[in-house]
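What TrEMBL annotates here:
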DOMAIN    A:12-100  domain 'NAD(P)H-quinone oxidoreductase subunit 2 N-terminal'
TRANSMEM  A:12-31  transmembrane segment
TRANSMEM  A:43-63  transmembrane segment
TRANSMEM  A:83-103  transmembrane segment
TRANSMEM  A:110-127  transmembrane segment
DOMAIN    A:130-424  domain 'NADH:quinone oxidoreductase/Mrp antiporter transmembrane'
TRANSMEM  A:133-153  transmembrane segment
TRANSMEM  A:209-234  transmembrane segment
TRANSMEM  A:246-267  transmembrane segment
TRANSMEM  A:279-298  transmembrane segment
TRANSMEM  A:305-323  transmembrane segment
TRANSMEM  A:329-353  transmembrane segment
TRANSMEM  A:374-396  transmembrane segment
TRANSMEM  A:408-429  transmembrane segment
Amino acid sequence: MDVANLASQLNAGAILPEGAVILTLMVVLIGELALGRASAARWTPYVAIAGLLLSVGLLCLQWDLTPTLSFLGSFNADKLSIVLRSIIALSTLVTILMSIRYVEQAGSSIGEFMTILLSATVGGMFLCGAEELTMIFVSLETLSIASYLLTGYMKRDPRSNEAALKYLLIGAASSAVFLYGLSLLYGLSGGETHLSAIANALAQGTNHLGLLIALVFVIAGISFKIAAVPFHQWTPDVYEGAPTPVVAFLSVGSKAAGFALAIRLLTQAFPAVVEQWQFIFTALAILSMVLGNVVAIAQTSMKRMLAYSSIGQAGFVMIGFVIGTEAGYASMIFYLLIYLFMNLGAFTCIILFALRTGTDQISEYAGLYQKDPLLTLALSLCLLSLGGIPPLAGFFGKIYLFWAGWQAGAYGLVILGLVTSVISIYYYIRVVKMMVVKEPQEMSDVVLNYPAINWTPLGMRPLQVGLFVTLIATSIAGILSNPLFTLVNNAVVEVPHLQTANAAKTPMAILPTTTPELPAPLVSNSDSTAL
Amino acid sequence: MTLADGVQLVSTLILAAMVIGAALGVVLFDNIVYSAFTLGGVFISIAGLYILMNADFVSAAQVLIYVGAVNVLILFAIMLVNKQEVYSPVPRRWIRKLSAALVSAGLFGLLTVMLLQTEWLPNAAQTAPDSTVILIGEHFFSDYLLPFELASILLLMALVGAVVIARRESIVGEDTAIVGEQPAPVLELPERPREPVA
Amino acid sequence: MNSGIDLQQKFIDTLSDLGLSAGVAKAIWIPLPMVLMIFGATVGVLVSVWLERKISAAAQQRIGPEYIGPLGILAPVADGIKLVFKEDVVPANADPWLFTLGPVIVVIPVFLSYLIVPFGQNLVITDLGIGIFLWIALSSIAPIGLLMAGYASNNKYSLLGGLRAAAQSISYEIPLALAVLAVVMMSNSLSTVDIVDQQSGYGILGWNVWRQPAGLLLFWIAALAECERMPFDLPEAEEELVAGYQTEYAGMKFALFYLGSYVNLVLSALLVAVLYFGGWDFPIPIELLASWIGVSPNNPVLEVVIAGLGIVMTLLKAYFFLFLAILLRWTVPRVRIDQLLDLGWKFLLPIGLVNLLLTAGLKLAFPVAFGG
């Protein structure tokens, strides 16, 4: 195969968005080296943001292209992957907005932080479209190793060291188990690495036990990434010890990549054991919802509380995954999209509070309303949205999820989801109450000594922008959810293996919210890029 | 059985025994240095198994990377961190050991059953290639091009990250760290640590 | 291309004529070259120890060993016998297993690497597809043995020496591999036989040294460092570390280290000859000479002569580099450990990368001269 012939077959245009991120990464790395660390904080984040915007823009342009496999079947740029890749790119974008001041104040180098964060993004984006076992593993490792490094970025802080070490050790173990599962798949299929070829090969054989073991190992690896109970033990310590912007990225970008991996790998390579993996994920969902939301009540640190709440949220998302209907997948991706804004909004707020007061204890938020109404408003809205209070975005996300679950007959799961949602509202409201309802004399010390609000220091403006963007998105994305939902529906409808996965089940009605006359993808995508 | 087959069978058995023995050594030795050295034995034996599978390049790469780099680094870390600390023995440690042994044995049994039950699809059509190097190169630049290139990003990032973690930190904006002075509270989380629960 | 003499085929044919089956004949053949090579390498060490003494003496205007045999050539043998009969001491509180295993692990890979050293088209133990890569891989095992020896000696100088040796070895492996890679890129093969073949045909003009001058320097510096020769003999720097990881060793175990280091040096010199100086090639193409004299290239006598000449040429080239190494020992001061690591990582590594890139570019631009 000569070079020209090969180049024409590669269809390399499909990875242009990732190419943009890689180019940005190089510019940041080499630019920081050439121009010096001192000036890096002033320009590298903006270059990174520009690169990510470019990447999201390229993704929007790819929306209308007919999806083809690129790189001889290694990468699939279908609409599903485009939506998920956008989610990851956007989460990095907002993370960068909130990280500039944080990293600057900690005195560490921002250029390298950007480099590692961008490579994590590249890994996550490639993971969303990976169609082949090697590709899946390499991109998963890119994401994971970058996450370990980011977790340990505050290297003089023992908490950060501890978090990085725990994350690394547990992550390496789970990667090994995952890889063992992949190797079993490779062997059972007689030496295939492409997911569709594996599915074909496994459909003929009767190797049920081997397939089940491979399934269990693969699910263990995925569950670590999405922090599903009982693979969640790393989450609280890592969330507490890692730099807060990194936590924000882990809870959204990394988790979205994990779900992307789950959708693609499980639905495509394991059609023979659909019942089994849906059963396992049902158990994981139940455990995650119960444990995440119940334990979150007892937390005193905001970061730890959000860690457990993110476990619970992952449980909700899994409802959409296990029912295996189109509406389920669509609502799951929709929820991820909503979750992106509300969770990152909450993290922006607690970063702002930590930067001004140097603490993240929930009790220290007492009476914040009198000193900083904007922060109070933003944090309250984001938390209430996470809890699912109408008319905020989270409410609609949950409604779609539960509705899809109810339609598919997963009554028990939906009822459990409703109950645990109520529990989650309790601990979210507790924080809101702490901030708003306290009398002036009940104010905490740090709030009493709250510094004058000053947006001028380096990196505060981007933080403010991030705050407003996520706040607005959280407030109105629910009301204007039609275009978003059309978007995710289109993404799911056009992916063939999501149809074959539920061919046995009754075909589900698509939600009655589709508005065909609306040029949905363009509107909603430009909507999200503008944010 | 021809001479070559016999040699192959005996080598497989010897190498398998070496892998298992060395791996048990890694787990069971109390002295961590012994564990690290036996880990090198595991890597070498696996390289031998690769040779038996006609994967000569992979085998040499295994020796170069795992023995020459990974294992040496592990030994370095162990020998440079020369902290002699006497750990008080955990009460009822045998319960942990027993449960670990049970879990491992159970997993081993399960996998063995699975291996025996499975009808592995033999790939009889494939013969040993003349040169594995050329074959690997062809794959790298055709169907595995994307993972191969992505691995370069992974390595670059790991390199940058390793330097970030390992370097002696100078405060941003200054060229040199002032030796002997109290370092500024940099590279720490802005959140205060929690007060320990009484 | 005349493939030259094929000893294996002739040997098997001879045995088959005696009535043995071909399989048995081959089984009898298999160990012979290996034994021969181990023997050859050991003799090579004796020669190089003698050279080391004589050349060192000459560099210091002394005579050197004189009375043990003519010109003192039995001095290394006497050394060896002394070491064999010395008491084998394992220090108190040392770890006896690791202490014994250390030197063994250092020596075995070095001898194994002789598998790929060619002395003629068919005068090589195995013409492996991965050839030179095997050497690079095997040479990375030695640091494990050094660390083991340093750790097991229960001596701080030994431990420091072992750590230094390992650090030095892994640092210089990378420039070494990069230099080799540039040569491999030109010959499109990792096999040492192919690498020499690609240089042959134009006599001395075809040798890689003209195309890879930077690579040669890089390779030579890195190889000296890998062999822990002056100016890079930090692991056993006697002013600082007594004798590094060898401090506690005596008798046969010390002899193994000693043997290993010289075998490794000879090996490196041989590989310089193979990679950059045309291996067994005569400076004037041998076919040209034969046609001048008027002998057919298939003449059996000529084949034997060519084979002998190949071995002699390889050894001559190798011992020239051995001579250079010994001269360097007495002319260059030792570097400090930080200078050593700086040189490796900040100078040789970038040079190696640039050399590789340039070679790739030249290969694309002038495929005729740089092996298209």
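Glycine is no exception: its Cβ is also placed from the backbone N, Cα and C atoms.
Note: the stretches the transmembrane segment (A:83-103) and the transmembrane segment (A:408-429) are not in contact (fewer than 3 CB pairs below 8 A, sequence gap of 6 or more). Beyond its flanks by at least six residues, the transmembrane segment (A:408-429) meets 282, 285-286, 289-290, 292-294, 296-297, 299, 305, 309, 312, 315-316, 319, 322-325, 327-328, 383-384, 386-389, 398, 401-402, 505, 508 of its own chain at Cβ-Cβ distances under 8 Å. Proximity of distant same-chain residues to the transmembrane segment (A:329-353), defined by a Cβ-Cβ separation under 8 Å and at least 6 residues beyond the stretch ends, is recorded for 80, 83-84, 87, 90-91, 94-95, 97-98, 101-102, 244-245, 247-248, 251-252, 255-256, 259, 263, 302-303, 306, 310, 313, 316-317, 319-321, 359-360, 365, 368, 375, 378-379, 381-383, 385-386, 392-394, 396-398, 400-401, 403-404, 463, 466-467, 469-471, 473-474, 477-478, 481, 484-485, 488-489, 491-492, 498, 510-511, 528, 531. Of the ranges A:133-153, A:246-267, A:279-298, A:374-396, the one with the most Cβ pairs under 8 Å to the transmembrane segment (A:305-323) is A:279-298. Residues 215-216, 219, 223, 228-230, 232, 262, 305, 308-316, 318-319, 321-322, 410, 413, 416-417, 420-421, 423-424, 426-427 of the same chain lie 6 or more positions beyond the ends of the transmembrane segment (A:279-298) yet place their CB under 8 Å from a CB of it. Under the criterion of 3 or more C-beta pairs below 8 Å, with sequence separation of 6 or more, the transmembrane segment (A:246-267) and the transmembrane segment (A:12-31) do not qualify as touching, having fewer than 3 such pairs. Listed as Cβ neighbours of the transmembrane segment (A:43-63) (distance under 8 Å, sequence separation of 6 or more from its ends, same chain) are residues 14, 16-18, 20-21, 23-25, 27-28, 31-32, 35, 77, 79, 82, 85-86, 89-90, 92-93, 96-97, 99-100, 110-111, 114, 117-118, 121, 125, 459, 462, 521-522, 525-526, 528-529. Per DSSP, the secondary structure of the domain 'NAD(P)H-quinone oxidoreductase subunit 2 N-terminal' (A:12-100) breaks down as 72 helix, 4 strand, 13 coil. The average pLDDT computed for the domain 'NAD(P)H-quinone oxidoreductase subunit 2 N-terminal' (A:12-100) is 88.
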